[in-house]
Amino acid sequence: MNPLDFLLWVAFPYAAMAVFVVGHLLRYRHDQFGWTSRSSQTYENRLLRWGSPMFHYGILMVLGGHIVGLLVPKEWLEFFGVTEEIYHVGATSLGSVAAALTLAGLAILIYRRRLNTRVLLATTVMDKIMYLLLGATLLFGTVATVLFQVFGAGYDYRGSISPWVRGLLSAQPDPALMSDVPLFFQLHVLSATLLFLLWPFTRLVHVFSAPLAYFVRPYIVYRSRDGHRGSGSRKARRGWEKSELPASARDREATRR
Amino acid sequence: MRVMAQMSMIMNLDKCIGCHTCSVTCKQVWTNRTGVEYVWFNNVETKPGVGYPRRYEDQEKWKGGWIRNKRGRLKLRSGGRLKRLATIFNNPDLPVIDDYYEPWTYDYDMLTTAPLSTESPVARPKSLLTGKNMDIKWSGNWDDDLGGSQETAADDPILATMSEHVKMEFENTFMFYLPRICEHCLNPACVAACPSGAMYKREEDGIVLVDEDGCRGWRMCVSACPYKKVYFNHKTGKAEKCTLCYPLIEQGKPTICSETCVGRLRYLGLMLYDADAVLAAASIENDQDLLEAQRGVFLDPFDPAVIAAAKAGGIEDDWILAAQNSPIYKLISEYKVALPLHPEYRTMPMVWYIPPLSPVVDVISTTNNDGEDARTLFAAIDKLRIPVEYLAGLFSAGDVVPVESSLRKLAAMRSYMRDINLGLDRDESIPAAVGMTGVEIEAMYRLLAIAKYEDRYVIPKAHVETARELENLACSLDTDGGPGMGGPATAAGPYGKTPGMPLNATVDNYNEMVGKGGERTKPTTPGRVNLLNWTGGGVPEGMFPPKATGSPA
């Protein structure tokens, strides 16, 4: 086994997975206050009104496509009569629409973020890194699709990348599956892995607060004062520690009394 | 019957002089921070006027509050659950910051550091969002005292709905002030719209709060509130709103806005209501019946059946006593002079108002008639359609009858009490004309005109004994960018971090903040810099407390 292959297609993905899971758990436990989408809609809405839904709906379609393409084995779909040909046409056409929507949305969002001073000043370094990785992942994926699926003969990633992903998830990684995959697909996978690695430390955590419980809860929520989550002797979460007077101020207070 | 207690407020608009002290003290306590520079939990609007944020009363545009659909069911005007989640990526009804105003500071540094020149140096306004020079074109109360309202008053949504005979002629106009805080509604649209379930109504006192930990920044509460009293903190990305100063209320003390009101026009107290009856009352067909429907939800705290049900529901005896002594109950249910703000939004607001008689009195006085004579006043209330119709647009969904009734009672009180104060005979026909007795009028006069502190604020303390571990409660607002302001000294934002006395909002450690002799402790850093106006250049003296070594004791 090629050590580089092992590093790129086994060690790195597992490291990213570990950071992804542990990072989310730790952040959820310790940084509820920072867990938000940090919307910039109040600064500017004319561009966001178009860019944000385009990007978000596009990326949800992309997510759906990836679930079908990567997690559902080829044989299962064929059992239901979805042949390689049908799948290829469907995936490429739907995928192209989704990619166009997502990329156009992202372009509007990045344009807005760069050129609107209010939004730019509210952008953190982590936001910028995240945008770079997200954009790179989307671009590599689109380029690969355009080169191989739209204009090329069609690359059957369900014979290589998909089993590799399922192997990773079922703890039977096979780096050999990835070594002969075309470069743009490899770049797409690597940049996505890096994005997953950084995910828990970005605003992307808001993906996991999709408020689906809203469908089932009653409209008016009552909570008891005593049931406040912050009460009790539990250690305060990050950002919620009890503040202390500076030592000098405490001394002065003592003398004043 | 499910009896619940609601801490409520009433403002007597006749006494409001528009001094904005409530707004200023509220801002100093709660929104003196980066991210909420533009936020006024309490603001005072001049009416007629466009309000803050601009035209917030235009629900055709902002889609706030509830509506009754064709099947007679209540739904949020901005749409149901599915539509809300479908539009979660971009809230279509959200006001942007320019609808409030772009916050700014001044380049004060220029005044002291400008080089010697023939012209005086000028402190130019700088945007707090971009740091660039800006032209100030609007703010929280730009049309204060009808300033510039030749231009803007026509945009007042209430004025626009009134009949054509209303002209905003500057010399014939009337005005009054409308202080506004969160309504702490019985049927809050903001709570219903929150996708995360982070907003809630407190079971004990009905105060509507945001769980800052649970808020994910979807901003649906901001647009769903028809009063636009939930705000988006653009630094923390979370919703914030008026808390009815719950740390004070829990200690039996009035809110900051009430305590500092120079006109002493605010009243605080409990209302008992039947929580099971709220939905049906809010879904009543005719908008103009909503006022009576809401009055029907309130329970009589003297009724033995209500008392029994309240006790069964866990309401303590001292709270029931407070509900019986509540000035709110007297003004809403006994004297019926207080009216809710925009009942047609169907949120069942719980900050009510006594409509101002002064626009009417002013008109009479300018015509050299006796502005305190009952007959003149009654006639004027009937005749002066414009103020009355406008007030009805605010307080009773356009129905002039409740407003007239309330104004007539205030007029009767004025003229009946004048006779007493002048040593004349009591004219019992005056109270009779408004369906009251002389004794009632005098009691109302004590409450409204004398307005003793203990009569205005009847606030029972929170029951700490049930909150076992309250002393360990870290203030949930006490965080970087949070309203508690005493958060850890992490990196400052682009415009600096606002310091303050560390305040832990608990009943118990309040006593720690008070010295042994009962005097309040001074701010920990006397002579500190007001960082609200700090632009981020350099470290001015007094920004940090003096070092421990060699510091003057």
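Placed from the backbone N, Cα and C atoms, the Cβ positions cover glycine too.
Taken from TrEMBL, the feature domain '4Fe-4S ferredoxin-type' covers B:7-36 (among others). Residues in the domain '4Fe-4S ferredoxin-type' (B:7-36) partition by DSSP class (helix H, G, I; strand E, B; coil) as 13 helix, 6 strand, 11 coil.
The average pLDDT the prediction assigns to the domain '4Fe-4S ferredoxin-type' (B:173-204) is 94. TrEMBL lists B:173-204 (among others) with the feature domain '4Fe-4S ferredoxin-type'.
Note on the domain '4Fe-4S ferredoxin-type' (B:206-235): residues 4-8, 33-36, 38-39, 41, 52-53, 56-57, 59, 62-65, 76-78, 84, 88, 91, 93-95, 97, 180-186, 188-200, 241-244, 246, 249, 341-342, 345, 347, 349-350, 476-477, 479, 481-482, 493 of its chain, located 6 or more positions outside it, place their CB under 8 angstroms from a CB of the stretch. What TrEMBL records for B:206-235 (among others) is domain '4Fe-4S ferredoxin-type'.
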>> From the DSSP assignment alone, can you count helix, strand and coil residues within the domain '4Fe-4S ferredoxin-type' (B:173-204)?
In response: 5 helix, 9 strand, 18 coil
> In terms of Cβ proximity under 8 Å, which residues at least six beyond the ends of the domain '4Fe-4S ferredoxin-type' (B:7-36) contact it?
Replying inline: 42-44, 46, 128, 140-141, 144-145, 176-179, 181, 184, 205-207, 231, 233-236, 240, 242-245, 249, 255-271, 327-328, 331-332, 338, 350-358, 410, 448, 451, 459, 481-483, 485, 493-498, 500, 532
>> For a three-state summary based on DSSP, what are the helix, strand and coil counts in the domain '4Fe-4S ferredoxin-type' (B:206-235)?
In response: 5 helix, 7 strand, 18 coil
